[in-house]
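Enquirer: Handing you a structure now.
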Amino acid sequence: MLITVPLAGELKFYPLNEEFRVSFGAPVFFFFLSLLRHVPAVLPGFLTGAAVFIFRVFLELWGGGHNGLTPILYDQASGFFFYMTYACLFSILKANRFRERPIMLGFIGFMIEVVSDCVELTVQFLIFHTVVTPEKITDIAVIAISHTFIVMSFYSVLKLYETQSREKQTRQQHEHMLMIVSNLYEETVHLKKTLKTTEKVTNDSYQLYREMKGKDVQLSGRILRLAGEIHEVKKDNQRIFAGLSKLISNESLRDYMRASDLLQLVIRMNEKYAEALGKQIDFYCSIEGEHDEYHVFIVLSIINNLTANAVEAMDEEGMVSLRLRKPNESMVEFQVEDNGPGISEKIGDIVFDPGFTSKYDEFGTPSTGIGLSYVKEIVTELEGDITFDNQQRGVVFAIRLPVRHLIQKG
């Protein structure tokens, strides 16, 4: 402010008399004051007025043509009073409280500039006995309106940029939270399967205990203790499952989203994933027909798994295409296609088996191999089916699900 305002003040003209200048210093000063949050406007006003005064005196001395320092000081004194008056009125009226109301802020800025110009003219009248007429006041008002328009234009552009940046940040946080909750949803599915398994093992152990009770007391006792330990594991898993379910249900996120928004969300997340892996992947999206809002976490956990697998399977460059259509009114079909290496025929029968993987890191460590098995499990649980079809280059995964499991009930 202390540098910009004096420099902007040199873009000037003299519409009223040889002493009263109109420059871009006033709108620039107004713009800076409107950005201040916690600093009282009086202090910046005093410092800016002093900086403008000193800068103008220096320029006059540098240019020469004056009879000593005193006339120069008189010539430039009125500018200091303009900025001081401007800052004091800005502080008294607490103009910054209207930061979110640009029209009101602009009106206050207009009034402040008119009053400050009148103070400057008054100082010049006291020093140089210049004449102040109603026509001059009218000219001042017109100039103040133009200054206010310029400042409010820049201010509105700045506020728009801030709003867009805030909206982008909020969207990124929302997408990140959706991804976290989607991953938690995936873990609850695995945990639910574990609960069923431990329940079955507990029952089988207890039945074995009852069969061995009359035959081998020592062995039956060990079996009973084992059944009890498994039962404790089951209860621990139940507590974890309940906590995860509560956490997912309590998140202030939408459970249902438009199909187009869901697929775009998958694409944005996997664009970042591909970039993190150092790969150049082009993503495409195609939606046929009309679709309801679908369950966010079900769709994300399925489609994002398949899309991430496609990204991982490709080399440096590739293409992934997401398609959505309705074969009929009761079914919806998602397709994930890539132009990667595809799936060889000899592993086609075991590709959905838990633990199977064809992906290894740079150290030769295999991945967990639970992604496709999870997708298969959740699709089966939703009464759907999943298939894959090798193309000339790449593979297409097709997931068909009943619409009733994806849309909001009622």
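Glycine is treated like the rest: Cβ placed from N, Cα and C.
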Enquirer: Are Met1 and Phe98, as annotated in Swiss-Prot, on matching sides of the membrane?
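Expert: Judging by the topology that Swiss-Prot records, the two residues are on different membrane sides.
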Enquirer: Over the topological domain 'Cytoplasmic' (93-102), what does the predicted model average in pLDDT?
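Expert: Taking every residue of the topological domain 'Cytoplasmic' (93-102) together, the mean pLDDT is 80.
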Enquirer: Hey, which bits of the same chain come close to the transmembrane segment (72-92), Cβ under 8 Å, at least six residues off its ends?
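Expert: Same-chain contacts beyond the flanks: 5, 9, 19-21, 26, 29-30, 33, 40-42, 44-46, 48-50, 52-53, 56-57, 60-61, 66, 108, 112-113, 115-117, 119-121, 123-124, 127-128.
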